[in-house]
Amino acid sequence: MNDADTNLGSSFSDDTHSVFEFPELDLSDEWMDDDLVSAVSGMNQSYGYQTSDVAGALFSGSSSCFSHPESPSTKTYVAATATASADNQNKKEKKKIKGRVAFKTRSEVEVLDDGFKWRKYGKKMVKNSPHPRNYYKCSVDGCPVKKRVERDRDDPSFVITTYEGSHNHSSMN
């Protein structure tokens with residue numbers, strides 16, 4: 001690492017802008033709360049912004065804090081980071097709007113009949129639990145509801161079902 005790279009890093013960390021804010025952890029459509037996901041999305045996606053527009057908006061009038069001219073790769077990184085940060089803010093706002101309800105039920109079967117049809121889209125092992133978590137989406141086109149089902153860590157005779165969102169249609173029964 002040369003002195004220019006070191007100065008660039010310290011200039012960013014001393015600035016009041018949070019340029020080094022990283023995107024939230026995310027796995028495609030899955031919603032995770034309590035476990036660490038190893039995939040980071042957002043940095044490889046195109047957000048529809050021109051790199052020069054975003055970099056110019058971020059640094060207009062403040063370029064004097066740099067001791068060297070910005071390279072194109074620096075502008076690209078800053079623009080990608082800024083747009084990823086803005087995208088994550090939108091995800092946080094959407095998450096607040098959705099309702100989340102959890103039920104703990106004693107059951108031999110994992111998927112209980114709740115009056116809706118579900119499509120399984122994922123399964124993963126959860127930290128500190130010997131039982132996998134299963135992910136489902138409502139099978140009606142355009143319905144945003146998701147649910148996850150897992151056995152209780154402490155008492156496997158219980159199933160924890162968590163619903164996120166509200167159905168935009170009536171039940172199937």
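In case you wondered, yes, glycine gets a Cβ from its N, Cα and C as well.
As recorded in Swiss-Prot, the features of this protein are as follows:
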- 107-172: DNA-binding region (DNA_BIND)
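Per DSSP, the secondary structure of the DNA-binding region (107-172) breaks down as 0 helix, 28 strand, 38 coil. This prediction places the mean pLDDT of the DNA-binding region (107-172) at 90.
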